[in-house]
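What follows is a set of notes on a single structure, which appears directly below.
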Amino acid sequence: MHIILRKENNGSAHKGLIALLLAGFAMMVLSICLTIAASLFLVNFGLVMSLPGGLIAQIMAANLKAAVMENSLDWSGAFLYLIADTAIVWRAWALWVEYKLIKRTLLIILLADIGVQIADAIVDTKAVTLYNNNTVTLDWLSTALNFTINVVATLLIAHRAWTHHQSTHTVFRNKKTQVETVLLLMVESGAIFGMIQLSVIIIQALDLHSASISPIVVFLESLYLCSAALNPVALLILIHTGNTYEHSFHLEDGTSLEINSLPNFS
């Protein structure tokens, strides 16, 4: 965040990026705090406190107290995924700003993702309240849509990277331009994030008809949540600490990345 704030830019796109990163940071901190609180409630009411009904009453009380935390976790996770998807779409949008069909396609996919994520959070909330874990189908669908957004955006960025490479390799030979470095970072981060998403989709599909959620699913979903929170921040740090072409994030209003132009090294 310090890297972004020290940039002297008051444009709306720059402010939007700051808001996006702050929202992602807030959701991640909230998720961590809720996870810790839910664990403490389970330990306190399940093992420490003694109730007249015995162990069964203690377990029911612990689950009831933790249900509120789990519901909040579902919503904070949904917002984290939406923030990550918005950042991914933003990257592709900035590179294809003059192509209306591509922008509309990206917008439609993002709006569909928002609808599915909200629906998934609502279903998860009802499942926690009714003590029903059979929500894997919608979880799988939302992750598949996240994966689709990442693949589409990453392929669009990869196409731009290849076009730029083709237009500059005769001049710079084996040297990478600053623009090419930024585009490759975007493609690589999208590929790594996509592998995590694909792993979650596969394990959720295999676990689709299971009566309970397996520990592997829990681990991969936790890894996916952390990756969704860290992916935009990590890429931003890599780009700016390397003094690369900052317009690739479309930080200035009214400008777009000129892929075919050569960067200024002076």
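Note: Cβ is positioned from N, Cα and C throughout, glycine not excepted.
All annotation found in TrEMBL is predicted automatically rather than curated by experts.
What TrEMBL records for 20-43, 75-93, 105-123, 143-162, 182-206, 212-239 is transmembrane segment.
143-162 is the stretch from 20-43, 75-93, 105-123, 143-162 with the greatest number of Cβ pairs below 8 Å to the transmembrane segment (182-206). Same-chain neighbours of the transmembrane segment (105-123): 74-75, 77-78, 81-82, 85-86, 89, 92-93, 96, 135, 138-139, 141-142, 145-146, 148-149, 152-153, counting only residues six or more beyond its ends whose CB sits under 8 Å from a CB of the stretch.
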